[in-house]
Amino acid sequence: MAETSRTFYSTLIPNFSKPISSIRRTTGVSPATVLKRNSVSCSSISTSTSKDSNIITTNKKIPWGCDVDSLENASLLQSWLTESGLPEQRMGIQRVDVGERGLVALKNIRKGEKLLFVPPSLVISADSEWSCPEAGQVLKRNSVPDWPLLATYLISEASYMKSSRWSNYISALPRQPYSLLYWTRSELDTYLVASQIRERAIERINNVTGTYEDLRLRIFSKYPDLFPEEVFNMETFKWSFGILFSRLVRLPSLDGRNALVPWADMLNHSCDVETFLDYDKSTKGIVFTTDRSYQPGEQVFISYGRKSNGELLLSYGFVPREGTNPSDSVELLLSLDKSDECYGEKTEALRRHGLSAFQRFPVQITGWPLELMAYAYLAVSPPSMSGQFEEMAAAASNKTTSKKDMRYPEIEEQALQYILDSCESSISKYTKFLQGSGSLDLDVTSPKQINRKLFLKQLAIDLCTSERRILFRSQYILRRKLRDMKSGELRGLKILKGFLKFFN
């Protein structure tokens, strides 16, 4: 599994800034000429939508790409890249223990070496040339953002098969990317019932679905010759967005361009390294610099970014071993009490700073952010502190420059207890899932489906175990703080009583 993405956006932009404009066809070139795709029929691809969600389920395979562990297609990709200008590599592709495919050192590699040197001409970006130029012109004239544009580009190039310049690259891409986009609503509800990643997954799926529907209604339906529905449909968009979420990288030194980097995206992630892909101006190629040495036969890793286990599952479909990810966190859901007489005033203060009455905050094994504490202060603050509501809401937002490290000693104990209650509520959900995970219904008839269900179940167990571990640590810290505060109060009371007794 070679999914490489340092930065991705979980919120897509389906509404385009310009209305659909008519396109002037190239003189003397008919749509039939432009659209001479190699015989590709996607009519066998069907989708079904559950009656209570927008989540699409797969009935047929995507007609391009390969199995995730295919080395043959990857070897053909390397040969084509070499012929197209990729320099000689110090790594080769092999089946590996971490991920199905990965890049392995062929020679001794020193710490601090630059590797890859993929030229920009072998990178796919929003500026790449289309096999069907008119399709690209339609999208660009209507200011389609990079993500939906690249998703459409991938499908368009894939449908041209061998006629596309990128055919060898697309053939080496997984037919079904590892992504929560491919989990059904039932699987999300069953396996991720305790984790806030479930909500993130549903949001992402709805974003992808909404983006496709917007493209279909505003562009595809108006140009059916350029965007036939048997090729450009929800199933193929789910595939292309799965590829983007798991492989698209942002190259800071190339004007922050979002790009797919063939060959480089065969590198797997390790929590133990911090090196990432970027454009090197001196060599004019996409490189990464090793932060450790490798012996021949060792798998070479990069970092996909400082992501939690949940984020890695969301985009890449894997969960690191418990305790190995220093960037791991769990999202803790906090909410205002609707019976609070200041509920409306507090909600309005939060709204002005981009927050809501229900808010998720990341909690790490080392503690929680100042924003979470500020939200807790606001949640428990009495009417007499209404003058501080705005200040608390601003501190709870990460979109403000105001001072966040504030304390309200008079309500600190109530705020810590509020966080502890939320923490223990989440722990009970994780415990309930993990205790019942041995008896989850795996009523499927196909052996492959049984393997799939077991695989998803194990991923969910691994994620929930790591997230509950963080909450247990937070619970311990909170209980200790509250105990110390109460002990301090008792000591203070004893001292006060001693003084009173002395004076009496």
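Quick reminder: no glycine exception, Cβ is built from N, Cα and C everywhere.
Feature annotation from TrEMBL assigns S-adenosyl-L-methionine binding site to Arg247, Asn268, His269.
Feature annotation from TrEMBL assigns substrate binding site to Arg247, Asp265, Tyr279, Tyr304, Tyr316. All protein chains considered, the CB of Asp265 (substrate binding site) has 24 other CB atoms within 10 Å.
The feature domain 'SET' is assigned by TrEMBL to 89-305.
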Cα-Cα distance, maximum over Arg247, Asp265, Tyr279, Tyr304, Tyr316, record's substrate binders, Å: 23
Around the Cβ of Asn268 (S-adenosyl-L-methionine binding site), the count of other Cβ atoms that are within 10 Å: 24
Separation of alpha carbons, Tyr304 (substrate binding site) and Asn268 (S-adenosyl-L-methionine binding site) (Å): 8
